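Data first, discussion second: the structure below is written as structure tokens.
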Amino acid sequence: MKLTCMVIVAVLFLTANTFVTAVPHSSNALENLYLKAHHEMNNPKDSELNKRCYDGGTGCDSGNQCCSGWCIFVCL
């Protein structure tokens, strides 16, 4: 019985600790997340989910065009 209670308390403590440390240090992080999502709904072409990247072997100008992030005249 004592062991079960100790395990439950430990799990609750670790869960609370995870939530506290996982939150960004900005006090308005949720507001910024909401505004970004709202902007992406209004401007779907600007959404990061819609960005296209080139597969390996395709010609490129910079690494940010390639899915792998590596560009030496062609995507690697």
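Backbone N, Cα and C atoms are what each Cβ position is placed from, and that goes for glycine too.
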* Would you mind checking which of Cys60, Cys67 shares a disulfide with Cys53 in Swiss-Prot? => Cys67
* Cβ under 8 Å to the signal peptide (1-22), counting only same-chain residues 6 or more beyond its ends: which ones? -> none
* Asked: Rounded to a whole number, how many Å is the Cα of Cys67 (disulfide bond) away from the Cα of Cys75 (disulfide bond)?
  -> 8
* Structure fact -> By a 10 Å Cβ neighbour count, the lowest-scoring of the disulfide-bonded residues Cys67, Cys71, Cys75 is Cys67
* Asked: Any idea which of the disulfide-bonded residues Cys53, Cys60, Cys66 has the thinnest Cβ neighbourhood at 10 Å?
  -> Cys53
* For Cys60 (disulfide bond), what is the secondary structure state per DSSP, taken as helix, strand or coil? -> coil
